[in-house]
Each structure stands twice: as structure tokens, then as C-alpha cells.
Amino acid sequence: MFRYLLCSFGLVLMYPTGIDMYLVGLPQIASQLGASEAQLHIAFSVYLAGMATTMLFAGSLADRIGRKPITLFGALLFALASYFAAGSQTSDLFLIARFAQGIGAGCCYVVAFAILRDVLDDKRRAKVLSMVNGVTCIIPVIAPVIGHLIMLKFPWPSLFYTMAAMGLLVFALCLLVLRETHSKAAFHTQALPGVQRESFKQGFFISRLVITTLGVTTILSYVNVSPMLIMGQMGFDRGQYSNTMAMMALVSMLASFSTPFLLNRFKEKSLILFSQGLFVAAALVFILTQLGGVSHSFNLLGFAFVCSGFSIGFGVTMSQALSPFVARAGVASSLLGIAQVCTSALYIWVMGLLEVSAINILLLILSVGALVSITLMLAVPKMSEMVVNEQIPESA
């Protein structure tokens, strides 16, 4: 079991590392490539675009040819793309390399969830996904620090050489340690009458897809508007802003690592509803600060509610979303990832076009997201027949 957890953690961590590690070198990258920092900020969107475009075919291929080949392809592509990004001489070549990096990270991210679906039952999967979420929260704090330390001695290409080394390490892990988890799944699914109901149109899957998508949109909206709220509205400087974000990452980690213990005492439904209640509490805090009822410093409490609400609910809801699928777990994971990435990007883009204020962007998704999610949780309970599909392949 340890081999699957180790490889899955490595596969998942490539995605946030590709986002956060290079940011510290952005001014130097822009200077050497003859582009403005604003122009190179599109590298973030290009990376996510690479992830989104590859997610569907990666999941489908993983269901057809197995998990391991896709992980090897994704990790190797991530390493090669990182190497070429380090050697880029123009901004166009740099953006192409970033897109390829996103493709590699997307393959690994999708298959990691499919592997966990293959080898873990419902209860253990919910716990592990919560821990994965907790580890992921560490990267936005650690990656820029590591990047800063690297750049004290070496130029900016060393950041991408480091990412290339990480890709090769994950490739070696998957090649030497990971065993195929999907090879015998087809044999089992033929004997399961529930497989005929592995439809992505079923209400249960759609409801959990919507809930996880709204959750990801909420947390990314918080990350997107946090500079305006913390440095603009609250008057913090950059150092205080960094400390605040690090503190909120710590809150997320503690909430994520506490969730497995909470699952021993409470039902999954109760935890998901509690997480939505934290979103509602965050919205109320922000409303009070905007009305002048309390100091803007209380926004920090709202941020803590947002981070802990997402951390407690996301892993559990993702586990439920994957539960009905044995033969099509890869595609299910792909659909979840695509919905989360695309909806988040679309929401933030539309709010920007409409010139909605930072606090209202966050308030809107908190309020609407919590209302919709609570309604879906109460209206679409966990299916009893899902127990049939909760078997795992013998190869795991």
C-alpha cells in the first residue's frame, strides 16, 4: 500500500510545484527574455490550459491501457518541458514549454486520483485524499522559499532544472516502485451489475462534481483576491501579506490532517455540511467587516474559515465523486479536474470583465456555492447501491 501512496503523492505534487516555484524568478525571466512581467504572467494561464486540455484524454487512456504508462509519460514530459523552459531564449518558446509542462502535470494529477480509487475503499480514500490536500497546501509556502534559496546562488534556469529533476524522480518512482492497479479491473467489472450504471449522467456524480467545482472556485477566488483585500483594504505590506498567506496555509494543513481523525467520529455527509457551514460563516464575517460592524482585521477570521472549510470538505467530496466508478475511474477523475479548472478560470475572468470588487467576488461564490452545495447534499444523498461498485481490483 505504501508504494501507491508514495507515488500518488509525488504525482499530485508536480501540479502545484509547476505553478509556485518559478514565480520568484519572474523578474529575471522577463528581463532575460525581453518581455514584461505582465506578459509572462500569462504563463500561469498557459500552464493551466495545458492541464485542462490533457485531462480528458489522459483519464480515458488510463482506463484503456492502464495507469502506469500515463504516469511515466506525464512525468517524463514534465521533466523534458522543464528542461526546455530553462533553455528558452524567447518568451514564445518559454510559453510553449510551460504549456507542455501543464500537459505532463495534468496527466500525473488525473491518474493519481484514479490510482487511489483503484487501491482504497471509500472510507480510507476519503482520509488519504484529505491528507493529499494537506500536503498540497504546503507547496505554495515551501516552493517559493526553495526557489529563493536556489536563486541566491544560481540564475533562474536552475528553477526549471530543479523541476526537471523532480519530474525524473517521479518518473523513476513510477517505473521502479509503482505497480499497475488497473490491469485486472475489467475482469471484476464484468461480474458487477453496477458497472452498467457507471454513467456520468447520474445525479450523484453530477452533484459531487458541482460541489467540488464550487469549492475549488471558492479557494482559487480567495487566492486571486487576497492581495487586494490584505494589502489594499487591510493595509498590510508585502512581508505581512506573505506571513498571512503562510499562516492560512498552516490552517489548511491542520484542517486537512485533522479530517482523517474526524472521519472516525463523524459521517462524511456531516463533514461536508460542516465545511459548507464554514463558508457561510466566512461570508458573514466579510459582510460584517464591509458594513463596519467589526474591524477589517476580522477578515483574517474569514480567510481561516474559507481555508479550513475547503480543506475539510474537498477530499471527502472528491472521494464520494469517484466512488461509483471502477472501470471508468480515470475519465471520472478527468471530468472532475476539467470542471474545477475551467469553472474557476471562467468565474474569475467574468468577474474581472464585469469589474466586480474583490470582496464581492469572494462573497458571491461563498454564498451561492454554499447554498447550492448544501441543497445538493440534502437532495442527493449517497447511493446505497454504490456499495456494489466499491470493490477494488485484485491487482491492487
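Note: Cβ is positioned from N, Cα and C throughout, glycine not excepted.
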One side of the membrane in Swiss-Prot: Met1 and Pro27:
no
Residues of the same chain, at least six outside the transmembrane segment (361-381), with any C-beta under 8 angstroms of its C-beta?
203-204, 207, 210-211, 214-215, 217-218, 221-222, 224-225, 229, 269, 272-273, 276-277, 279-280, 282-283, 286-287, 306, 347-348, 351
Interface present between the transmembrane segment (69-89) and the transmembrane segment (158-178) (three or more C-beta pairs under 8 A):
yes
Can you tell me which recorded stretch out of 5-25, 210-230, 243-263, 271-291, 334-354 has the most Cβ pairs within less than 8 Å of the transmembrane segment (42-62)?
334-354
Would you mind giving the whole-number mean pLDDT across the topological domain 'Cytoplasmic' (319-333)?
80
